[in-house]
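Presented below is the structure to which this report refers.
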Amino acid sequence: MRKKVLLMGRSGSGKSSMRSIVFSNYVAKDTRRLGATIDIEHSHVRFLGNLVLNLWDCGGQEAFMENYLSAQRDHIFRNVQVLIYVFDVESREFERDLVTFRNCLEATVANSPQARVFCLIHKMDLVQEDLRDLVFEERKAILLETSKDLETTCLATSIWDETLFKAWSAIVYTLIPNTPTLESHLREFAKAAEAAEVILFERTTFLVISSYSSESNPATDAHRFEKISNIVKQFKLSCSKMQAQFTTFELRGGNFSAFIVPYTEDTYILVVIADPEIESAVTLMNIQSARRFIEASKSASDGIQLQP
């Protein structure tokens, strides 16, 4: 099952940097050595079982953009599931970028009218902290008005914090065909295991696929999942540099315990238990039981097939 994703935006806006961090295990400081994308770079990323992201990273130089919108228009914009357009928040040519974005939208509507659009207002770390919300909301209002013919989501991003993982988790979530089923499984598992929270991560990228939070244990940090994605991925990279393999993580505090363990061939699961009296062995046994159940469910469906 292939899903075509276009990654577009002006040259230097940060498209290839974010792609390299999310899918190629780069750290933010190493993206400085990346050169400009020439024409189109194709990546086929096997994301979950039989789901393949067919990612088209389109070079943003003006000559390339003109070609995309003329000679290659039908070829590029046909059968697109998601258009990701990256805006450099510090660009001094926002109006010009907006014209190009509008042209890309017209091509998308003509060739892939059911596509979803994600506008990433990028490099937000360069904006003064107390002005970030204001700047983002101003740009968001303009972009939503411009893209009203397509379902559009605007997100603020930076390669230096968890916002990058939050944005790409949101994008990938729209491409997964059976998220209601996954959410139902996690909810039932959480109730059976008496878990405060359960989060499912894709194994390679550590993007959030699905989650469940108990109403009896409300969380205080809305960005906790993406922060965990970022932290664990950095830890996995550190393990790789030391020629060590990240397998399982367990943390026990005074009033909680947390486990990150392999769930299926394609996923990790994070389970947070608020009752400190529940033994680790019980939680791990519950995870093993749930693993068998979800594998059986997926193998019987036409959606993502998670293999042991």
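Using the three backbone atoms N, Cα and C, a Cβ is placed for every residue, glycine included.
Swiss-Prot lists Ser11, Gly14, Lys15, Ser16, Ser17, Thr31, Thr37, Gly60, His122, Asp125, Ile159 with the feature GTP binding site. Cβ neighbours of Ser17 (GTP binding site) (same chain, under 8 Å, six or more residues apart in sequence): Tyr26, Ala28, Thr31, Leu34, Ile159.
Maximum C-alpha to C-alpha distance over the listed GTP-binding residues Ser11, Gly14, Lys15, Ser16, Ser17, Thr31, Thr37, Gly60, His122, Asp125, Ile159 is 23 Å.
Within 10 Å of its Cβ, the residue among the binding-site residues Ser11, Thr37 with the fewest other Cβ atoms is Ser11. Of all Cβ atoms in the protein chains displayed, 26 besides its own lie within 10 Å of the Cβ of Lys15 (GTP binding site). Under the DSSP three-state reduction, His122 (GTP binding site) is assigned to strand. Proximity of His122 (GTP binding site) to non-local residues of its own chain (separation of 6 or more, Cβ distance below 8 Å) is seen for Gly9, Ser13, Gly14, Met18, Val86, Phe87, Asp88, Val89, Thr157, Ser158, given in sequence order.
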